[in-house]
Amino acid sequence: MGKTVASLGQGTRPDPVRSFNRWKKKHSHRQHQKKERRKQLKKPEWQVEREGISRLMQNYEKINVNEITRFSDFPLSKKTLKGLQEAQYRLVTEIQKQTIGLALQGKDVLGAAKTGSGKTLAFLVPVLEALYRLQWTSTDGLGVLIISPTRELAYQTFEVLRKVGKNHDFSAGLIIGGKDLKHEAERINNINILVCTPGRLLQHMDETICFHATNLQMLVLDEADRILDMGFADTMNAIIENLPKKRQTLLFSATQTKSVKDLARLSLKDPEYVWVHEKAKYSTPATLEQNYIICELHQKISVLFSFLRSHLKKKSIVFFSSCKEVQYLYRVFCRLRPGISILALHGRQQQMRRMEVYNEFVRKRAAVLFATDIAARGLDFPAVNWVLQFDCPEDANTYIHRAGRTARYKEDGEALLILLPSEEQGMVQQLLQKKVPVKEIKINPEKLIDVQKKLESFLAQDQDLKERAQRCFVSYIRSVYLMKDKEVFNVSKLPITEYALSLGLAVAPRIRFLQKLEKQPSTELVKNPVTEAVPPRAPSLPNDEADESPAYVSEKMSVLHKSGERLEETEHRLASGDGDEEQDEETEDEETEDHLGKAREPHTESVVSIEEAQKVKEVSVQFLNRDDDDEDGPDADFLTVKRRDVFGLDLKENEALSKKEPSKSSVKKKLTKVAEAKKVMKRSFKVNKKITFTDEGELVQQWPQIQKCAIKDVEEEDDTGGINLDKAKERLQEEDKFDKEEYRKKIKAKHRERRLKEREARREANKRQAKARDEEEAFLDWSDEDDGGFDPSTLPDPDKHRSSEESESEDTNHKMSDTKKKQETRKRNNTEDDDVRPRSRHGKKAKWETVEPLDTGLSLAEDEELVLHLLKSQN
């Protein structure tokens with residue numbers, strides 16, 4: 001019974017395989033139902049992304065600056081964090097820690113920090129996050145505008161943006177001068193983030209169709225103090241007018257501005273000021289060792305060469321004050337071969353060449369870069385060991401930016417400043433006021449290498465290099481003369497002659513503006529050059545950065561008015577009531593003192609009223625010295641002095657002037673290029689001529705020959721410019737008469753020479769003919785080869801004339817064959833003689849004299865018989 005129950009119990013147990021299959025079927029059904037429900041409940045990607053953005057925005061208010069050490073501590077998008085991690089950016093700097101949070105909250109920020117502290121990422125991260133929050137696409141147009149003062153800085157910012165933002169879907173573009181404008185215009189409308197320079201951006205705003213910035217969300221000014229100064233004033237004002245008022249603005253620089261006027265121009269709303277190192281002991285990095293040396297002007301080149309020879313395995317940057325200095329010294333040092341690679345970077349180079357130099361210097365481990373101030377701001381050259389300032393900077397801020405190219409991101413670096421004895425006191429005092437620790441060091445005279453003799457030999461061999469040395473000399477003197485701080489820069493204390501010799505020049509070139517200054521009377525203009533008369537202003541833009549801003553020259557020209565007689569003429573017209581407004585178009589008048597220079601006198605548009613003319617006197621002195629180069633553009637230099645008559649002391653004088661009418665003599669006559677050329681011709685300058693001789697001392701004909709004028713130009717000056725066509729036609733007619741007479745003489749001489757040759761040929765032919773007649777011999781009969789002459793016995797006997805026909809026929813046949821041979825020989829000789837004989841002018845052969853009869857020594861009957869025999873043989 002028990003066994004039966006057990007068997008029944010075992011029979012009721014379910015089959016495990018069958019149970020597993022049923023469970024699997026149910027489980028699969030449940031999973032399928034869950035999957036279907038998830039599909040129905042799944043949100044679109046854009047909605048999920050929007051929810052993530054909202055969570056990030058909620059965390060912006062919770063940012064605690066003291067707790068942030070990495071970028072991941074900020075509430076940033078995954079795409080931005082991934083780009084930072086791939087670009088090896090993990091830890092944040094002080095400026096990034098304090099500004100990124102404020103920028104993410106949508107506030108306007110003015111950030112200032114030491115050089116090399118990471119200001120570029122401080123504004124690039126908020127830029128990416130701002131467009132990500134708005135889910136910006138390429139169809140939305142321009143969203144962020146980043147403006148840099150130089151092309152190199154804009155290029156560097158664009159490269160960092162490409163690395164950090166490569167995971168985003170935004171489109172970015174680089175718009176700088178030196179590239180194809182049409183190529184940029186075709187793509188600029190689809191750009192979301194635009195990195196540019198002010199000049200090229202304004203050009204696109206004026207010329208590119210359908211380009212606008214109405215949807216702009218953020219404006220970033222890198223190196224804002226430089227962009228907002230007078231160099232870019234007009235350009236930036238025009239750009240800001242085209243931008244919407246409602247936007248976020250970020251300003252970053254190592255030396256920030258607090259000018260209320262500049263901030264009002266940008267329409268900033270309650271900006272946040274972030275000065276990271278405002279309370280620091282020094283305004284430069286702590287790892288930067290800074291020194292200066294005192295050196296005479298004529299020893300600076302030797303000091304530079306000795307410095308390079310002693311630092312062959314270092315990476316250095318040498319700063320100069322002008323482009324022409326860089327051009328000349330770069331070529332000279334390449335010939336001196338100091339043993340290290342030398343590169344040159346300045347504003348007169350083509351854009352592609354500038355980018356090549358920039359990338360090449362970044363790649364090299366040991367090299368020297370000769371540069372102007374375009375490389376002084378923002379550029380991040382890795383592992384720069386030395387920064388040598390060959391020329392004194394214009395102020396302490398410029399020094400800070402130059403020295404900031406080394407000791408970046410807590411790395412070590414050294415800076416050396418070369419000062420003249422006249423510059424030491426003023427410059428060192430300014431640096432100490434800016435909290436820049438500098439100390440003086442001495443030069444080791446044993447390591448100083450003098451290169452003046454080598455430079456002299458280079459200039460003696462190369463005329464082009466000599467001209468560059470002259471332009472370098474004038475450019476340096478001009479840059480010192482135009483510096484606004486006359487306590488530091490005094491051109492009268494410079495040893496000009498010794499400096500010219502140190503460049504390799506035998507004689508110091510002429511400096512026109514100094515000569516003009518010496519000729520002027522001792523007025524207040526000379527006593528107080530610029531310091532007291534000109535109001536303080538922002539640092540001027542260097543010459544090589546002027547190409548970035550078309551408004552650079554116009555801004556400086558806007559403070560100029562007419563000088564000398566032109567000022568008096570203006571006062572006369574205003575006082576006499578000619579009009580309340582006067583507009584003078586820009587004119588280019590060449591200087592009459594030097595016709596080889598290209599000096600222009602620009603005049604700006606000015607609106608002056610009578611009352612203002614009575615209160616204000618402006619005296620402008622303009623000194624120009626332009627040098628044309630294959631790479632250089634024209635430099636415009638201006639010096640402006642203003643004197644205001646606040647108390648109206650000159651009212652009486654102006655009233656007296658108002659009663660007088662402007663005389664014709666006071667009006668300066670405009671000089672055109674044609675008039676200048678005529679004056680040069682009247683002075684009858686003797687042009688140098690190059691004469692080449694062979695080794696034997698014979699003169700080599702120069703080709704092409706210089707055309708000579710038979711009629712001297714004695715035309716008087718015309719009132720109207722240009723060329724008088726009537727007088728030119730008359731002159732050409734006179735020249736044609738002379739040319740025709742010369743041509744007729746040449747043809748006549750050519751014919752005479754040909755006739756003489758023909759006459760000489762006829763004489764030679766006559767001589768040969770006479771000689772041939774003298775040598776001619778007469779043969780009456782021909783004998784065998786053994787006989788040497790004529791044998792009379794061979795003649796037929798008249799008595800035996802009718803001999804046997806057989807013997808006679810044989811003799812006749814023999815003689816006929818010999819006669820034909822002789823005749824062919826004579827015909828051949830006659831043909832050759834006929835070729836030699838000259839022909840008469842009418843094409844007929846010349847007649848010869850009658851040949852006298854030969855005396856054969858035979859009787860008349862024998863001669864007749866001989867003739868008959870010969871005639872019969874010919875027939």
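Backbone N, Cα and C atoms are what each Cβ position is placed from, and that goes for glycine too.
Residue annotated by Swiss-Prot as N6-acetyllysine (from the set LYS486, LYS556): LYS556. Record note: of THR587, THR825, Swiss-Prot gives the feature phosphothreonine to THR587, with no matching annotation on the rest.
Note on SER283, SER310, SER783: Swiss-Prot annotates phosphoserine at SER783; no matching annotation appears for the rest, which is not proof of its absence. Range with Swiss-Prot annotation motif 'DEAD box', chosen from 222-225, 234-237, 298-301, 350-353, is 222-225. For the ATP site, whose annotated binding residues are TYR89, ARG90, LEU91, GLN96, ALA113, LYS114, THR115, GLY116, SER117, GLY118, LYS119, THR120, the maximal Cα to Cα separation is 20 Å.
Annotation for LEU91 (ATP binding site): spatial neighbours THR69, ARG70, PHE71, criterion Cβ-Cβ under 8 Å with sequence separation of six or more. As a summary of secondary structure, the compositional bias 'Basic residues' (21-41) carries 21 helix, 0 strand, 0 coil according to DSSP. Between the binding-site residues THR115, SER117, the minimum number of other C-beta atoms within 10 Å of a residue's C-beta occurs at SER117.
Listed binding-site residues: TYR89, ALA113, LYS119. The one with the lowest count of other Cβ atoms within 10 Å of its Cβ is TYR89.
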